[in-house]
Structure formats: C-alpha cells, structure tokens
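J.: So Swiss-Prot lists the following for this protein:
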- HIS33: site 'Important for tRNA non-discrimination' (SITE)
- GLU176, ARG222, HIS451, ARG492: L-aspartate binding site (BINDING)
- 200-203: region 'Aspartate' (REGION)
- ARG222, ASP223, GLU224, GLU485, GLY537, ILE538, ASP539, ARG540: ATP binding site (BINDING)
Amino acid sequence: MNIYRTHLCNELREEHINQEVILSGWVYRKRDHGKIIFVDLRDHYGITQLVFNEADNEIFQLISYLKLESVITIKGTVVARDSSTINTTVSTGLIEVVVNHVTIESEANLLPMNIASTQEYPEDIRFKYRFLDLRRDKVKHNIILRSKVIAELRKSMENMGFIEIQTPILTSSSPEGARDYLVPSRIHHGKFYALPQAPQLFKQILMVSGFDKYFQIAPCFRDEDARADRSPGEFYQLDMEMSFVTQEDVFNVIEPVLLNIFSKFSSKTIHKEFPRISYHNAMLYYGSDKPDLRNPLIIQDVTEIFRDSQFNIFNSNIKKGMVVRAIPAPKTANNPRSFFDNKIEFAKTLGAQGLGYITFNDDSSAKGPIAKFLDEERLNKIKSICNLQTGDSVFFVSETEDKAAEFAGEIRTILGTELNLIEPDTFRFCWVVDFPYFKYDKKEKSIGFFHNPFSMPQGGLEALNNQDPLSILAYQYDIVCNGIEISSGAIRNHKLDIMYKAFSIAGYTQEMVDKKFNSLTRAFKFGAPPHGGIAPGIDRMVMLLADATNIREVICFPLNQSGEDLLMGAPSEIDTEHLKLLSLNITKKS
C-alpha cells in the first residue's frame, strides 16, 4: 500500500463513507470555527474537505498554527457532510474526512501570493515564485491543456503516417531573419554554435534523405523582443514537411488537424471554412496580413473617387502617389463629436497626419469636414463602395500605400472593438497566400527576400528571368486565427538553378550561397524531391484555446518581457575561469 495515500483528493464519494483513508496534499484553505477547523486539502487532482476536532487537542493545535500551502499526510474516516455544508461545485462535496492522524511533510513559509485567490499579481512576483503560481487553478489548467494539445497533435500526425524525428539543438546560424542565440565552442576556439530559429534546413534535408513525411514538436530559439503573442527566447511549433506535395496538399493535411484541436479543446463556435486571402487583398481590405475575420468591417480603396476632387489635401496626396482608404463605421452618424475626435487623435498617435470622416445622417444629408468638398456623385460612390446605409459614418486615411494599410487596419480594429462588432466566442480561420517573393529595402536601397528565401517563386525560373522582381509572388502561406498568425509555411525551392538565380537578385553570388547554405546546396546536387511544409505555433494555439491574452500564460516557465528568467536567475554572469575555458573576454559597456 502507498504510505502517502489510499485515494486522490478528487476520488472520495458517498460509497466511501465509514472507510479509513490516507490522503496527502497541500493545505489550500483553513476555516476556524472555534472547536472545529475545516481544511481544504488539495492535490493535483482535486480537493477534499478535512475536519479537525478540538477533542483531539494535539492534532488540533498542530493544524491551527500550520501555514497555508504546507504539505501534510492525514489519516481519517470518511463521513457524510451535514446538508447545510454540501458543496456541489467540487466532486467530493458530499463527504468530508474526520482526521485522527496528521504528518507534516513540509511546512510552508509566509506566502507572497494567495494561491486560492483570483487576484492578479504582478508578473515579477508570479515568475519569481512560479512554483506557487503554477499551483493556481487557472495557470495549472493552461499547462494541462497544453499537454493535451501536444498529445493530440502527435496522435493526429502519427495517424497520417508522419514520422517524428528530432533535429539538432546545437547547429549553425540560420537564415530565418531574427537574431540567433550563440553558444561558444570550448574545443573550437573562436567558433560558435547557434540555437535553431527553426529546423528549416534540417527538415528539407530530411526530404532529400528520402523521408516522406516528417514532424516534430520543435523548440525554436529567437533573440526577439516580447509581445503579447510572442515569447522572448523560445517557442514551440508543430514542425512538418512532406515530399512530392503542392500547396493544396499541405492545406488539405493541416486544416483537419487544426479543426480537430480547436473542436476538441474549446466550446467556442468554430467556422470550418479556411477562406483564402491574397497578401495584397489582406492589406487592402483588412489593413493587416493577419486579418481578424470576426470583425465584419471591410476597408475600401477610394483613391479614384478623391482624384481631382475639391478636397485639396487628398487630391494633392494622390498626385504624389499616395492612396486614400475608407473605413466604415456603422450606425455612428449620430454619435457625439468626441467619438470622431478620439479617432483622429488615435490616428495621430499612430503617426498619421490625421483622419477625415463623413456622416450620412438620418435626413440623408452628408456631413463632416470632408463632405462639403465632394459632389453628390462622389458621395454616392463612397456610399456604394463602402456599403453604407443612412445613419452610418466612414473614416478616411491618406498616406503612402503601406502606411495607409497600417493606419486603416488599426482604425478598423478599434472601431470593431468599440462598436461591439467583433463576433464573440468564435474562431475564424483564414489562409493568407501569394506573398511577395522580394521586397525593396529603402534604407539599404536594395532588393531582399520578403520572407522565406527557400520558398519556390511562382512562375519559377522564367519569372525570375523576365519579371520585375517586386511583382513576383511566392508559394508561401500563413494561417491566421482571430487576427493571430498561428502558422507559416511554404513550398520549397528544390532546384539549384532557381535558388541561385533568386539569391542573385537579392545580392548573393553562387559562391556566397554555397558557403552560407553548404549543407542544403550539397544535398540538392544528389536528387531533391519537390517538398513543402508548415509549422503551426503551439504556444499561440494554446493561448487561443485557453482564452489567454498573453502567451506567457500558457508557458510553464516563461521569461519576462525583458527576457529574464526570474525563477532561475537567467541570464547570469559567468565566472572568469569558465570564460577563459571558452576563450571569451567580456567588455563592459561604457
């Protein structure tokens, strides 16, 4: 028999009444009723109410002074609760255990946070005492949810014939674009390993090696700043790659996997469609390459309506090559002036010059700072293209195309939120496809890759030879859910002539490519199959499923926003002898 417990703290029921039991756990709550002390004993599985009677003075005194979160083992008799104390919110709510023996396994110090409270504590306290924070129901449930999601993902991949393969953690610097975490070599002085930003090259080499379907729950390391949906340091993704597939094949594999996960672990409404939105249309109609389809507002381009109009500010901008975007605001025509002024001020905080607007009032008249500069024909065109009704308003932003998209997208988001237009308790997915292959860097005055340099350009070598590089699209794709990018992938470029040409446009010689990506180019010289893949982010998926607003809520031991591990004290200084062993010298910043 287990000396610490005969039952778990969620197991005892009416059928156990009069049985002698042994339980172990943490002292969760204490209620002193004078001659009786009630204790809620908690373990990983649940809670059982314990009863300590004054008649057993030694035990009674012991428990009366014991601090919360101390660990105890008790022996006692299961009895039925009085009808007035029955608790239907817990599985053991019909019984309690009258204690006749207690062993203190470990006594707790005074707590820096109340485990039983729903009070929000500062992150520095929570992360420093993460072992306490993880005892709280909400955090614990998030971690358990994460475990179940990963188990289900593995099951799905194995059922589809994927093989799980672990790729190296110590590798060379990768091309993903973020900063690497570097590890100095003790043996090879002056040389460094890098922690992988993603298993990109390894999984492609696995396809060249003849494996048909690969996956792993892959740790990825990027020296990036924290955001609400991005943890600094490391994250995990369901990394997968397949040989002899098209973009459609990848879509057909991953969509059922995600739908299964979201259906299994959430009670929210799940829209099973994955509409496909080109990158161009995402930026035009949603002002973001991560469109939140729960928001029904659609941005429209109204540049041509304002061209040669009497509104000189926009007309002048258009002549300089700028655009005008319209963001509808339903049923706001009668809102107070402060509503519109607040949006203008918000736009200015984003860096916009300002924000125009028109209201279409109940008397069918158009009002606002811009309305008087537009004739009836132009006003009607705006109403038509923006699908406006009487009582609606519309905001306008005029900037360069990229800034107009950004500002309009932010206005769309804040309007959707303030006007309660966001569809509640639902998940809406979409694909963003047809990303540009190249981009122009105004600062460097050069062409570079827009995203993944190893993706296949649409049109192949012919497009690279004959098209304007900035017009070429890539076989790259993202999955977005509720405005959060949860996955990114691509059909890979498996042909060396196309790869060399693509890199040459981005300023790399063949020798530079061979040196930087030697493992991949060598492998491609020995027969490379067409291949592609995708990598849904596990942290972000669990964040959505847990309805958390911050990704750190679903990571067991997260870094804080400054990239510090307050529990373990990392990063930390290294002693001089260790630095000498690695041939390193630290130069203090002045």
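Glycine residues also receive a Cβ, built from the backbone N, Cα and C atoms like all the rest.
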J.: On a C-alpha basis, identify the one among HIS33, ARG222, HIS451, ARG492 that is nearest to ASP539 (ATP binding site); the candidates are the recorded positions.
T.: ARG222
J.: Expressed to the nearest Å, what is the distance separating GLU485 (ATP binding site) and ARG222 (L-aspartate binding site) at their Cα atoms?
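T.: Approximately 17 Å lies between the Cα of GLU485 (ATP binding site) and that of ARG222 (L-aspartate binding site).
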J.: Are there any residues in the same chain, six or more apart in sequence, whose C-beta is under 8 angstroms from the C-beta of ILE538 (ATP binding site), and if so which?
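T.: Within the chain, ILE538 (ATP binding site) has Cβ neighbours under 8 Å at ARG146, VAL149, ILE150, LEU153, ILE217, PHE235, TYR236, GLN237, LEU238.
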J.: Could you check which of the recorded positions (HIS33, ASP223, GLU224, GLY537, ARG540) sits closest to ARG492 (L-aspartate binding site), going Cα to Cα?
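T.: If we rank HIS33, ASP223, GLU224, GLY537, ARG540 by Cα distance to ARG492 (L-aspartate binding site), first place goes to GLY537.
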J.: So what sits near ASP223 (ATP binding site) in its own chain, CB-to-CB under 8 Å and at least six residues off in sequence?
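T.: Same-chain residues close to ASP223 (ATP binding site) (Cβ under 8 Å, separated by 6 or more) are ALA178, ARG179, ASP180, TYR181, PRO232, GLY233.
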J.: Taking the binding-site residues one at a time (GLU224, GLU485, ASP539), which has its Cβ surrounded by the most other Cβ atoms within 10 Å?
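T.: Neighbour-count leader: ASP539.
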J.: Roughly how many angstrom lie between the C-alpha atoms of HIS33 (site 'Important for tRNA non-discrimination') and GLY537 (ATP binding site)?
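T.: Here the two Cα atoms lie 50 Å apart.
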J.: Report the mean pLDDT of the predicted model across the region 'Aspartate' (200-203), rounded to a whole number.
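T.: 95, rounded to a whole number.
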J.: Measuring Cα to Cα across ARG222, ASP223, GLU224, GLU485, GLY537, ILE538, ASP539, ARG540, which the record gives as the ATP binders, how far apart are the two most distant ones in Å?
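T.: For the residues that bind ATP, the greatest Cα distance is 19 Å.
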J.: GLU224 (ATP binding site) to HIS451 (L-aspartate binding site): how many Å between their Cα atoms?
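T.: Checking the Cα atoms of GLU224 (ATP binding site) and HIS451 (L-aspartate binding site) gives a distance of 16 Å.
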J.: Got a sec? Which of these recorded positions, HIS33, ARG222, ARG492, ARG540, has the most Cβ atoms within 10 Å?
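T.: Top count of Cβ atoms within 10 Å goes to ARG492.
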J.: Roughly how many Å lie between the Cα atoms of HIS451 (L-aspartate binding site) and GLY537 (ATP binding site), rounded to a whole value?
T.: 17
J.: How many whole Å apart are the CA atoms of ARG222 (L-aspartate binding site) and GLY537 (ATP binding site)?
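T.: With distance taken Cα to Cα, GLY537 (ATP binding site) is 14 Å from ARG222 (L-aspartate binding site).
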